[in-house]
């Protein structure tokens, strides 16, 4: 593994040129190009005036890592065989770099989601924030530590180095890429939790969907849902869960359906494709919904509180909508909510 300074790798050997099939290198290059385009597209179309969060910084860092990988394999693909800083690079390294990135992405799911979940749980109801510069520096430091730890774990584990070394010694004409058990378990957990919540609130969800109306508000079409107001704590959390589900599925239903199809077919997606910006924003919305539901009684009804999610608006899950230009609700004692 001439391109990686891995002192603990057993069985290092003098590097010999490997002529990988052109189709494999082209495929990896095209896939990474499409992924990078999708990453930056999502970063561009998201809402701009959102609160600073750990997940937003990690999404930017992931897009930059993907872009760096794309530039690296493009450079190698174009020049084919060259030396840089005493290391010889060939198209063999396109596969090698992609394998290392796949292994690194595969072990980052749990720590990233855990840190993001704790971040939202602690700050979702926060009235006084850290100074913006200090908060940003804290998020940047955490992101850097996670990336360094991930690459260190992969490049300093002898068993992984030995496996890559053996594969490229005896199977130079194919490029085995790695899926992530962490991503698979997260997908299973999300589908299970979403399905359980939807099943438990099926009557409330059906009632709200049957009462939906499309009206014009602020020159934009919005959906209006009527529901019976109840001050009881348990009933409030039950109604809130229903509205959070509708908001979440109203935006991310295609992703949920895609996860169900992938799990049903048993398809294993390489980790370098699984970890992407759209997927992270999907997880991000799920974590925000969980944080809102867990700390619903601590949420301050301020405008700043609702600028947390770049894609889903959670505001009207908490605040009843009253507007003189709209018709009253069908039943007395009901209020209007926009999700």
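The backbone N, Cα and C atoms fix where each Cβ goes, glycine too.
TrEMBL labels come from automatic prediction, so no person has curated them.
Owing to the predicted nature of the structure, the values given are computational and were not obtained by experimental measurement.
Look at TrEMBL and you will find 22-42 (among others) tagged as transmembrane segment.
Summarised as a single figure, the pLDDT of the domain 'G-protein coupled receptors family 1 profile' (34-292) averages 81. The domain 'G-protein coupled receptors family 1 profile' feature in TrEMBL is assigned to 34-292.
As annotated by TrEMBL, transmembrane segment applies to 54-79 (among others).
The transmembrane segment annotation in TrEMBL covers 91-116 (among others).
If you look up TrEMBL, you'll see 137-161 (among others) marked as transmembrane segment.
If you look at the transmembrane segment (181-201), the same-chain residues 6 or more away from its ends with a CB under 8 A from one of its CBs are 106-110, 113, 238, 241-242, 245, 248-249, 256, 259-260, 262-263, 268-269, 271, 274-275, 283, 286. Residues annotated as transmembrane segment in TrEMBL: 181-201 (among others).
Summarising the annotation, TrEMBL assigns transmembrane segment to 240-265 (among others).
With a threshold of 8 Å between CB atoms, the same-chain residues lying at least 6 positions outside the transmembrane segment (277-293) that come near it are 38-39, 42-43, 46, 53, 55, 58-59, 62-63, 112-113, 116-117, 120-121, 124, 186, 190, 194, 237, 240-241, 244, 247-248, 251-252, 255, 299, 308-312, 314, 317-318. What TrEMBL records for 277-293 (among others) is transmembrane segment.
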Beyond the flanks of the transmembrane segment (22-42) by 6 or more, those residues with Cβ under 8 Å of it: 59, 62-63, 66-67, 69-70, 73-74, 77, 91, 94-95, 98, 174-175, 272-273, 276-278, 281
